[in-house]
Amino acid sequence: MSGAGMVDITAKEPVRREAVASGFISLKRETVKAIREGRVEKGDVISVASVAAVLAVKETPRLIPLTHPIPIEKVEPEVRVRDDGVEVRVRVATTAKTGVEMEALAGVTAALLTVWDMVKSLEKDETGNYPDTVITGVKVEVKRKG
């Protein structure tokens, strides 16, 4: 086969599937304090990042071209502020013919990017760059089938 195409899953049976993905964004201590105290100009970072995760999970086939559009039955974002940044975990579940790890990863990355967007004015240095802001450790922690 040349080019690109979706994997044929027509012969597969729908089964329960679950995935958990996680990631982290390093932030300045002053930024973390502003998040905790609710002083971020754009609003509630935790709530908006959580909603971004849910939206990204549901929109994964529009973001990643060769993923299958599958019914999403459960999305549980967990956004936790730590002293050195924000940790995100997203659990996704469905009953389908293919897994939901890409959906979980999409949720995590969208949440982390949303955090960055919401705090970028606090993270910029005097040159307008982000030397302390780093997204790391994006991974699938769990993938279950059946």
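Yeah, the Cβs are placed from backbone N, Cα and C, and that goes for glycine too.
Per Swiss-Prot, the features are as follows:
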ACT_SITE  Asp117  active site
BINDING   Leu66, Thr67, His68, Met102, Glu103  substrate binding site
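Under DSSP, Glu103 (substrate binding site) is assigned to a helix (H, G or I) in the three-state scheme. Binding-site extent for substrate: residues Leu66, Thr67, His68, Met102, Glu103, maximum pairwise Cα distance 12 Å (rounded to the nearest whole number).
Less than 8 angstroms from the CB of Glu103 (substrate binding site) sit Ala19, Val57, Thr60, Thr67, Ile70, Ile72, Val92, each of them six or more residues away in the same chain.
Considering only the binding-site residues Leu66, His68, Met102, Asp117 (active site) has Met102 as its nearest partner by CA-CA distance. Cβ neighbour count within 10 Å across all protein chains ranks Met102 highest among the binding-site residues Leu66, Met102. Report note: the substrate site is defined by Leu66, Thr67, His68, Met102, Glu103, and the residues of the same chain whose CB lies within 8 Å of the CB centroid of those residues, excluding them, are Thr60, Pro61, Ile64, Ile70, Thr98.
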